[in-house]
Amino acid sequence: MLDVNFFDELRIGLATAEDIRQWSYGEVKKPETINYRTLKPEKDGLFCEKIFGPTRDWECYCGKYKRVRFKGIICERCGVEVTRAKVRRERMGHIELAAPVTHIWYFKGVPSRLGYLLDLAPKDLEKIIYFAAYVITSVDEEMRHNELSTLEAEMAVERKAVEDQRDGELEARAQKLEADLAELEAEGAKADARRKVRDGGEREMRQIRDRAQRELDRLEDIWSTFTKLAPKQLIVDENLYRELVDRYGEYFTGAMGAESIQKLIENFDIDAEAESLRDVIRNGKGQKKLRALKRLKVVAAFQQSGNSPMGMVLDAVPVIPPELRPMVQLDGGRFATSDLNDLYRRVINRNNRLKRLIDLGAPEIIVNNEKRMLQESVDALFDNGRRGRPVTGPGNRPLKSLSDLLKGKQGRFRQNLLGKRVDYSGRSVIVVGPQLKLHQCGLPKLMALELFKPFVMKRLVDLNHAQNIKSAKRMVERQRPQVWDVLEEVIAEHPVLLNRAPTLHRLGIQAFEPMLVEGKAIQLHPLVCEAFNADFDGDQMAVHLPLSAEAQAEARILMLSSNNILSPASGRPLAMPRLDMVTGLYYLTTEVPGDTGEYQPASGDHPETGVYSSPAEAIMAADRGVLSVRAKIKVRLTQLRPPVEIEAELFGHSGWQPGDAWMAETTLGRVMFNELLPLGYPFVNKQMHKKVQAAIINDLAERYPMIVVAQTVDKLKDAGFYWATRSGVTVSMADVLVPPRKKEILDHYEERADKVEKQFQRGALNHDERNEALVEIWKEATDEVGQALREHYPDDNPIITIVDSGATGNFTQTRTLAGMKGLVTNPKGEFIPRPVKSSFREGLTVLEYFINTHGARKGLADTALRTADSGYLTRRLVDVSQDVIVREHDCQTERGIVVELAERAPDGTLIRDPYIETSAYARTLGTDAVDEAGNVIVERGQDLGDPEIDALLAAGITQVKVRSVLTCATSTGVCATCYGRSMATGKLVDIGEAVGIVAAQSIGEPGTQLTMRTFHQGGVGEDITGGLPRVQELFEARVPRGKAPIADVTGRVRLEDGERFYKITIVPDDGGEEVVYDKISKRQRLRVFKHEDGSERVLSDGDHVEVGQQLMEGSADPHEVLRVQGPREVQIHLVREVQEVYRAQGVSIHDKHIEVIVRQMLRRVTIIDSGSTEFLPGSLIDRAEFEAENRRVVAEGGEPAAGRPVLMGITKASLATDSWLSAASFQETTRVLTDAAINCRSDKLNGLKENVIIGKLIPAGTGINRYRNIAVQPTEEARAAAYTIPSYEDQYYSPDFGAATGAAVPLDDYGYSDYR
């Protein structure tokens, strides 16, 4: 077998009949499979041992040779080679066809490659191949030309003969008629009888004329067809063809079926054809030129690849190895077999019958029919159902052909090559493990024992608990006591991987150190649930065991959960306290006025109370019960750093040192909370709402090493659970309080609603206005009930505590429980003007319940659809970006993009940009950031973290130029500096990081949270697409629904207002041609934007617009933005539009992820004029390749090619990738492979997918070339030492090792039998 690590490209091409015969180990002559009595393969059949190898190791068919020592011998009785049975997985056979057949992929694909090559319409091609028409394969022009006059004379003679015969017959008939009439007249017959005779005579004469005319027409037809006869001409009329062959057989050859196609291809001159097509393209116009372009693609493919087009017509069909189309015996003596065997059987049967018919010399019509059936059976074998009705098996199920084995989710690519099942894995239900550290998980004992079995067995033998592996295995199976001790030892420091399906982003698989636990459930740390999206309502997780040292190192260093605290999408921590923990910390840090032991200042004769000399003293007081943790106290602190303001005031420039004392007015709870934070973190003296907790952890992640952050969140988790228990927050029916003012509020609004209803009945309002008014009224009512509810609830109400702390839920839910449900939507997404006035606490009426179900059901249906759609989007994103890998440190480009940091308010203050988190944060600065005085605040090449951004804002800088992947100059992949900081580590991205896949996951993972619906904006008007469909529309570069025109030029607007349409004309400032936008529907409203005078209003007559400005409401078409404003603008447009959808759902994704995808969409250039290059006009070329080729051509003094950037949707971009393996495993497998084979494509194996498919290490991380191809150089001392070793003769090593390949030596290939 090939070792995958020793080749670095993979080529696909057309196999000729010669290739097929060379691969083959013998011809399959019989359709038999196995003998049903002996169950041994039949000789020369589809499972024949002579061809494919023995069915049992080292045993021939007849049993003469058994044992390894006969290795390689071919038995003289049965002809079977003595070898391993596994050769039946790799040895191929073939079927010699009695007549050639065409390959259905090349004939039936769209476009038909055979049709383009031979310039035949697919319909005609089908007629020829399936024996419905003859085709002329060659004409002897010269001979025909030389003898034309002779032939014409012969033809004239023949026609003369026909005419003479006709005239003679007419003459005779006329005379007979005369005689008959004369006779009748003599007899004195009536006029009636005479007329009948005359009519009869004339009818016969007409028939004679017609017959002669038909004969003449036929001769004319034959002659004209013959004189115009040319190769590739179709003749559908069988009789005409027969006549031509009889008369002029020596001047031309013609045939039917694949043989004729084969002849045409043989006579086909590729170079001449390519030249003439190029000529047409240079000088032609319109349809002709287009057709020539399409044909040239196919012709040039054959010309450049050196493929022989003969490969499209097969003389022999390969038979794949039998183990890949097995036959298994079921219980009950029946057999189950692969569909391929059926398809092969049909081919062999028909082929054998055809051979017999040809040998018998059967009539042509029978032979042709058999050839047609053979062609159809080969078609079914290659791609069943591509043409006509598919061949069906039992139960009318279409049989799976060779193409179906590759296609789709169940095909070879996606089922076996890209996703495999692995051993050393298990799965179980998860339960919470609050006692675990962040990097630990609880593994059930039994599962651990099974997973680590080989390790345990080896260790048992090492420790002499067992004599050999076999007895060790027995000990493990019987679970002896020693086994558990050994298991503890083996499991230590050996991380395991936990995975929860669906794995939407890379944090869906993380490594943990296992702790053995009783029971059968896996225990999971509560803080990693967010990343896995896990909860404990019955979720299951899978465990995998990394075996090799490298795998363990990777798991420990890169995948350990404590190293994955930050989200790769936004760079913000994911391991945050949630739910109970938030409640506990919120409770702990609340200050309750007037609680036990509160600080009282000195008054009169009372000294001050509630003052403590240290936290320890306060804790003693709390333990005695004289102080509550939530009471305000004064305490002297020495180990906690004071807040920044206090530190500056008390300790001045020198700053606080551990041990310096200061007094804090706070609560004991807050002191306890601050003791959880790392030493030297400023004291936080406020109530810990979830947002505050998040901000603190965020800050820790920016300033402290990951390990500190991990320890801190663990401490917070423990304290959170402890105090959540102590707080006694529970929910009961008694906690849901209905506000007493609810009835009067609703009565008041009911009156207002009645007024509107009356106006409607009087006709003062139309239906829509009434609905809008009612919706407004009831929205106000709902809000007011909410207000009343809030005032009515006491602060210590548990429901309010849970909502206020940010643990879970929101106020709307509280309002629904205790206030009123409010307005609900109908299935169309519009508000129903009758509100639900009851709360869930009171219970709904039947009508309210009914209208409430609409929304609930729609929600569930949406969720199901969304999951599938979102998964498919992620798959396409991964596919388009999988080869974007960080390839170098810095591409040295000067380009970048400008991002806003802040906006200057009219009063001169800076308003921080709300999206700074996803735009400027974590980027590399492209130019020095300079303030107004000219001081450099942040230098070029600096990473912009939170401190740097704060410094820039403090210096009054509003925008900076940053490096971006959109402007990166690296040819394949991107460079680290343009990408900037890796969101997941908080440091500059490593070389070898697969940033494309991270980007795809970051965009796809929140996809399930996006909405499915298209919003109705304000009732009427075009629907604005939103949510997931909008993201797909953008990434697929489709023309959006409700497309808005954009200004092609800068100028003044003339707006003409028609009855149903607007007409907008722009008069350019530079005096160019006016641009007219006609028939713009009024349903699309005019766009509101800022005008030169600073006002915001609708576009109106006489306004001045900038180039690229949107004129109507709706979405601009990205292709137009590209045409009008160029690639830069369309990139920014796409990033902005995608972000808008995610921001609407409150999802934070960094711009750089979207930029990676957008970069892939704009990678290609379409060739307009090929100049002196080899590019074909209209083809899509990678920009880097285009520029390189142009440089080369210009250097040689040629004419460069002209191209135009194109925006491709992600599906199209994935299929247009240079890697045919990656494209084939994505979609349209047969089309991609057909194309790749014709072009003799090479896959350079640059991306990830290709390497996964062939089983190489992926070129990312340490698999990238600069890490893989490291040569170790010995030091001088080592060199000197090397020469002191006595040299051995080479032959010691040569027989077994030779030039080492670096591959492991498979021991079972060495026959040890000789030494026994």
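Even glycines carry a Cβ here, placed using N, Cα and C.
Cys968 is the only one of Cys968, Cys1240 that Swiss-Prot places in the Zn(2+) 2 site (with Cys891, Cys975, Cys978). Of all the binding-site residues given, namely Asp537, Asp539, the one with the smallest number of surrounding CB atoms inside 10 A is Asp537.
Candidate binding-site residues: Cys60, Cys62, Cys975, Cys978. Fewest other C-beta atoms within 10 angstroms, Cys62. If you take the Cα of Cys62 (Zn(2+) 1 binding site) and the Cα of Cys891 (Zn(2+) 2 binding site), they are about 68 angstrom apart, rounded to a whole number. Cβ neighbours of Cys78 (Zn(2+) 1 binding site) (same chain, under 8 Å, six or more residues apart in sequence): Lys43, Glu49, Lys50, Cys60, Tyr61, Cys62, Lys64.
By neighbour count, meaning other C-beta atoms within 10 Å, the densest spot among the binding-site residues Cys75, Cys891, Cys968 is Cys968. The Mg(2+) site, placed at the center of the C-beta atoms of Asp535, Asp537, Asp539, has further neighbours from the same chain whose C-beta lies within 8 angstroms: Ile430, Ala534, Phe536, Gly538. Counting only same-chain residues at least 6 apart in sequence, those with a Cβ under 8 Å from the Cβ of Asp535 (Mg(2+) binding site) are Cys529. Straight-line distance linking the Cα atoms of Asp537 (Mg(2+) binding site) and Cys978 (Zn(2+) 2 binding site), rounded to a whole number, equals 44 Å.
DSSP assigns Cys975 (Zn(2+) 2 binding site) to a strand in the three-state reduction.
Closest to Cys75 (Zn(2+) 1 binding site) in space, going by CA atoms and restricting to the binding-site residues Cys891, Cys968, Cys975, Cys978, is Cys975.
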